[in-house]
């Protein structure tokens, strides 16, 4: 850490409904923009920059988002989270705020991100209090078939067929878990964890599983799409509002810096020469 600065870890929860995603964009309301503006106001700083574990898309929620920010070490930290929550819209809450351990990087130190996607196939749709975080599906879903299809996708693969490509960036990811189950209240939940996700990957995976769940495709189909390595027009990206980032996992503090170094080497595209 540069002399004169302190790195803070922020744990955040937000309703993604009113936001055009996490990342600051000109002319758009975003979670990053709201939190950075609140930090500048409360800490009386001309500029701040947040680094986040998971850049959620427009309409995606979070209950376990993690970010870091570097602030001058003379900024009073006592009551900072309370003061931030006092100026932030109620759609965003700072759940925790504390000095980060040495070597911590919210993005690159992370071991994994975990998302949950909620679906209801009840004939009456989503419960009124859950309509903003649960997809109402109009047809019955075969959850055992969806769960069987999910098993073929777990592991290290090139997920290019389920990602929007970014020039120079890898689409190889390690999918640690993709569990699909029906909870006692009837809601179908896809529980997804990976070392990292490329753009639209979780929602594309859910879209493929929905095609299996309603019987349009066999359980082996998502894996066949995966191995072909190109987008299939039959894979629809599931709507954003059913998706919530629930957890970001980190190694023990002494391993944070080493993890960040390894991840940077894999995730950052090389700078073009010439």
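Placed from the backbone N, Cα and C atoms, the Cβ positions cover glycine too.
In the shown protein chains, 19 other C-beta atoms lie within 10 A of the C-beta of residue 57 (active site, nucleophile). Per Swiss-Prot, active site, nucleophile is recorded for 57.
Residue 115 (substrate binding site) has a Cβ environment of 26 other Cβ atoms inside 10 Å. Per Swiss-Prot, the feature substrate binding site maps to 115.
In this structure, the C-alpha atom of residue 115 (substrate binding site) lies 13 angstrom from that of residue 57 (active site, nucleophile).
A strand conformation is recorded for residue 115 (substrate binding site) in the three-state DSSP classification.
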